[in-house]
Amino acid sequence: MAVAVEGARRKERILCLFDVDGTLTPARQKIDPEVSAFLQKLRSRVQIGVVGGSDYSKIAEQLGEGDEVIEKFDYVFAENGTVQYKHGRLLSKQTIQNHLGEELLQDLINFCLSYMALLRLPKKRGTFIEFRNGMLNVSPIGRSCTLEERIEFSELDKVPFAGQL
């Protein structure tokens with residue numbers, strides 16, 4: 001009995017956090033079933049959580065389906081931690097518009113769009129600014145690009161001064 005109590009206390013004290021894109025999954029791809037099974041086995045011993053820059057729906061696409069993700073993990077920190085779930089419940093949600101105010105937020109968006117309009121890139125594919133609760137995702141190639149186009153853009157990004165004005 002004492003061993004079980006100590007194990008439960010240890011589980012409550014230890015939290016292992018994992019980044020989603022580039023750690024648990026390749027960027028924007030689904031989790032490997034073996035990795036998912038390992039995480040659930042680990043969860044029997046410690047609390048586990050995931051952290052990602054994407055919004056909850058995109059994290060859910062990668063790690064499970066719908067509300068399953070907030071049940072599979074003890075903690076979920078979406079949008080770089082500005083949206084927080086603990087044991088299946090929403091804890092907190094911070095918004096960028098409350099923090100910056102509408103006028104400054106629009107100035108920032110207008111600057112980004114103006115700058116990106118001047119960039120010469122091999123391809124541009126829609127949704128250049130994705131508004132999230134706690135952040136703006138600014139993507140010069142566009143969030144609608146294919147995986148192949150994303151890879152091509154990341155290679156271009158390695159070339160000094162490529163795509164600059």
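Here the Cβ of each residue, glycine as well, is placed from N, Cα and C on the backbone.
All TrEMBL annotations are machine predictions without curation.
According to TrEMBL, the features are:
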{"type": "ACT_SITE", "residues": "D19", "note": "active site, nucleophile"}
{"type": "BINDING", "residues": "D19, D21", "note": "Mg(2+) binding site"}
{"type": "ACT_SITE", "residues": "D21", "note": "active site, proton donor/acceptor"}
{"type": "BINDING", "residues": "R28, R132, R143, R150", "note": "alpha-D-mannose 1-phosphate binding site"}
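Overlay of TrEMBL annotations on the structure.
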residue: D19; record: active site, nucleophile; Cβ contacts under 8 Å, 6 or more apart: V50, V51, G52
residue: D21; record: Mg(2+) binding site; Cβ contacts under 8 Å, 6 or more apart: A27, R28, G52, G53, S54, Q62
residue: R132; record: alpha-D-mannose 1-phosphate binding site; Cβ contacts under 8 Å, 6 or more apart: D55, E79, T82, I96
residue: R143; record: alpha-D-mannose 1-phosphate binding site; Cβ contacts under 8 Å, 6 or more apart: R125, G126, T127, F128, E130, N137
residue: R150; record: alpha-D-mannose 1-phosphate binding site; Cβ contacts under 8 Å, 6 or more apart: A27, R28, I141
Three-class DSSP secondary structure - R150 (alpha-D-mannose 1-phosphate binding site): helix
